[in-house]
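Residues or ranges marked as signal peptide by Swiss-Prot on the basis of a curator's inference: 1-18. Under the heading domain 'Peptidase S1', Swiss-Prot lists 25-258. Summarising the annotation, Swiss-Prot assigns disulfide bond to 31-173, 50-66, 152-219, 184-198, 209-234 and lists sequence analysis as the type of evidence. Sequence annotations record features per position, and here Swiss-Prot assigns active site, charge relay system to 65, 120, 213. Per Swiss-Prot, N-linked glycosylation site is recorded for 102, and the stated evidence type is a curator's inference.
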């Protein structure tokens, strides 16, 4: 939920209010076309709000703070504003927010010390299965803990200018390092818990930002996190981004999918 922590308006990815988090790619590069076929664009009506990942033909995983009653998704998009014949639109039939996510923070524009944005993940059941193609492919959940120091790739259409809210046209990628959670704990007064990951570049300049919430953090080729929250302006030195740690939630995800075939 890229709730930007200064101004973390849950604008991050579309949540009109989430405190300390914001998401967009800063200091990155244009992703190679169709190189992230699992990346999903999550909308509220016709408004882009967040990223997400395709888990299988029926399910998308995104951040809980991206929740709206009228979520829908586009799969296989590269350019956010162009019609692309290979892209697929799907309505969402049902949303499953993690039961421990604190919804009272969902639209709170004021962030407070010790606010806890843990459990920031949500499953979206598609109304019609996605067609799996060369440009629309699912990604597997992690089976092992990520290793500190791993090279991670984050992607999204979030703002590419730290102090200005302006979505990217083309899907952006950025390389980050997986850092100790202590680095994020020192950077923020909000809680950094064991269900979160800390990733960034110590000198700043590279980060996710507003609009990137819910998008993937892929470390050493494995999906390990979802963009959740961080500092505004994005990319500041000693202000890494915070991500939902997916290895902690694989059982909940698998159980939810199995119980809702």
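Placed from the backbone N, Cα and C atoms, the Cβ positions cover glycine too.
Model, not experiment: these values are computed from the prediction.
Known features from Swiss-Prot, placed on the structure.
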residue: 31; record: disulfide bond; Cβ contacts under 8 Å, 6 or more apart: 78, 155, 170, 171, 172, 173
residue: 102; record: N-linked glycosylation site; Cβ contacts under 8 Å, 6 or more apart: 116, 117, 118, 119
residue: 184; record: disulfide bond; Cβ contacts under 8 Å, 6 or more apart: 192, 196, 198, 240, 242
residue: 219; record: disulfide bond; Cβ contacts under 8 Å, 6 or more apart: 146, 147, 150, 151, 152, 153, 178, 199, 225
Alpha-carbon spacing, residue 66 (disulfide bond) to residue 213 (active site, charge relay system), which is rounded to whole Å: 7
Candidate nearest residue 120 (active site, charge relay system) in space, where candidates are the recorded positions 50, 209, 213, 234 and distance is Cα-Cα: 213
Rounded Cα separation (Å) that holds between residue 50 (disulfide bond) and residue 209 (disulfide bond): 11
Spatial separation of residue 65 (active site, charge relay system) from residue 209 (disulfide bond) - C-alpha basis, Å: 14
Per DSSP, three-state class assigned to residue 50 (disulfide bond): strand
Among 66, 173, 198, 209, 234, the most crowded of the disulfide-bonded residues [Cβ within 10 Å]: 209
Three-class DSSP secondary structure - residue 184 (disulfide bond): helix
Pairwise Cα distance for residue 213 (active site, charge relay system)/residue 234 (disulfide bond) [Å, integer]: 13
The one of 50, 65, 120, 213 whose CB sees the fewest other CB atoms within 10 Å, among these recorded positions: 120
DSSP three-state assignment (helix, strand or coil) for residue 219 (disulfide bond): strand
Cβ neighbour count within 10 Å of residue 152 (disulfide bond): 25
Rounded to the nearest Å - Cα separation of residue 65 (active site, charge relay system) and residue 234 (disulfide bond): 18
Three-state secondary structure, which DSSP defines for residue 65 (active site, charge relay system): helix
